[in-house]
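S.K.: As annotated in Swiss-Prot:
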BINDING   14, 15, 90, 93, 135, 137, 147, 148, 167, 198  NAD(+) binding site
BINDING   22, 56, 140, 203, 204, 205, 206  ATP binding site
């Protein structure tokens, strides 16, 4: 049996709050990579953005990290990493990728088999490939003037790679065709299709909560309880960041 390439998926974003759509992205991406026969996804990482991101209605990072941890209680392969949220200032996506790549070089995680319980090999694990996981809406932002640095896009798709999950109203193949950098490295961009259209947005969740509407079955129950216990996303609870930074590479 040919050895598969181990992969770690990293998603950067606000996770304000984390939703079932965020979690589904990981599952869809993992299935897609496994079905290629080339890759074995061994870990997923959720990296909530720093408080200085400056986005309206952004809950404090310790709340967003806590909610992500609660949402991931039932996952045996995805974890939340607070490093980005704990930095002194907002971090560009490529810098977050560099940090986690450096960690993987120092201490690669154990590679598990398709049943998520048994190691594929008894030999020392190869250093996994780190790929940025995003929705097609983020891929579209690569075209937005002055939002991404070309050098950063180049590094992301050349050194790391992308796994892009499709969304309604977006044409990821078209976005790639329109970008010289993306076209050059399209072999390192994986387009995963979500068979069940899932358009849950954190923006909608916040609006619904602010209006006292139910969000059950849209976000995990444990997250709903946390939001209620801490009075988040209600009228008058808005937390604003300290600066207005670029929205580069971030998911709501």
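Glycine residues also receive a Cβ, built from the backbone N, Cα and C atoms like all the rest.
Show me how these features fit into the shown structure, please.
M.R.: Counting every protein chain shown, 21 other Cβ atoms lie within 10 Å of the Cβ of residue 90 (NAD(+) binding site). DSSP classifies residue 90 (NAD(+) binding site) as coil under the three-state reduction.
Residue 205 (ATP binding site) falls within a helical segment according to DSSP. Listed in sequence order, 17, 19, 215, 218, 219, 233 are the same-chain residues at least 6 apart in sequence whose CB falls under 8 Å from the CB of residue 205 (ATP binding site).
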S.K.: Based on Cα distances to residue 56 (ATP binding site), point out the closest of the binding-site residues 14, 90, 135, 147.
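M.R.: When the Cα distances are compared, 14 comes out closest.
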S.K.: In the structure shown, which of the binding-site residues 14, 203 has the fewest Cβ neighbours within 10 Å?
M.R.: 203
S.K.: Which of the three DSSP-derived classes (helix, strand, coil) applies to residue 140 (ATP binding site)?
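M.R.: Its secondary structure by DSSP: helix.
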